[in-house]
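Engineer: Dropping a structure here in structure tokens format, bear with me for questions.
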Amino acid sequence: PNQREDKTGRRNLKQTNLLPLLLPGLHRFKLGTMLAVATRRSIFSIGLAFAARCYCAVEASAFINNPLIKPTTPRATPPPLRMSTTASPDVSRFMAGPRPEGTEKTKMQQTMIRVKDPVKSLEFYCDVLGFKLVMYREFPAWSFNVYFVAPVDSVDIPDDPDKQWDYCMNIPGCIELTWNYGSEKEEGLVYNTGNADSTGVSDGSKVKGGFGHLGITVPDVYEACERFHKLGCTFTKTPNSGGMKGLAFMKDPDGY
């Protein structure tokens, strides 16, 4: 009785008062899992989701087993972010005051990852994630090319190569895809992602590297992930799985 289907065929949950479920005579109902599903904004790949209200459902397993279904119950405003109460260094000074002299115009412009096949990577970052190739440079003397992608519109990308460079260097958050010639001919994965990955390790042991992930935000993580799922993307975490709801992780062609 606490499930219904909307026009899209999704199963939705109505908020349930826990007290009646505990009263005698209702033992025939199977109490599902407590769902904590409240986020300030939908976040894909990186973010924090804080539970503000718990929801229960009778026979909720159908909902839980489909990790891409978007919860449609009303969500309360989550509590404000609070600093950890565990013994941690005091970092408050790094949030205060002006930037050091000479760094006022510094931007976080790019992060670079090496890719096996530039075409497959560009198909993922441009056709799947919606980025655009802003600029690329070829360096045959050193046997590599670089491709800069960013979430911009094509009409804003200059035609002149020199202007493309200036435009690219002033866009925060570009991803530089570096292709070393010949890597596309190698079998299997080529680069270690740093996430407990055994790629490139002679004894097959998993490397605990420092790299974690690249993060992007989307208007609705559930709708975005439904699209990614239809496009055949590989997920390591869907929005409803795990303890943190409303964020997802998926792999690019090189396993990042």
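Every residue gets a Cβ built from N, Cα and C, even glycine.
So TrEMBL lists the following for this protein:
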{"type": "REGION", "residues": "74-108", "note": "region 'Disordered'"}
{"type": "DOMAIN", "residues": "107-256", "note": "domain 'VOC'"}
{"type": "BINDING", "residues": "Gln110, Glu176, His213", "note": "Zn(2+) binding site"}
Engineer: From the DSSP assignment alone, can you count helix, strand and coil residues within the domain 'VOC' (107-256)?
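Structural biologist: The counts are 39 helix, 42 strand, 69 coil.
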Engineer: Please average pLDDT over the domain 'VOC' (107-256) for the predicted structure.
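Structural biologist: Here the predicted model's pLDDT, averaged over the domain 'VOC' (107-256), is 94.
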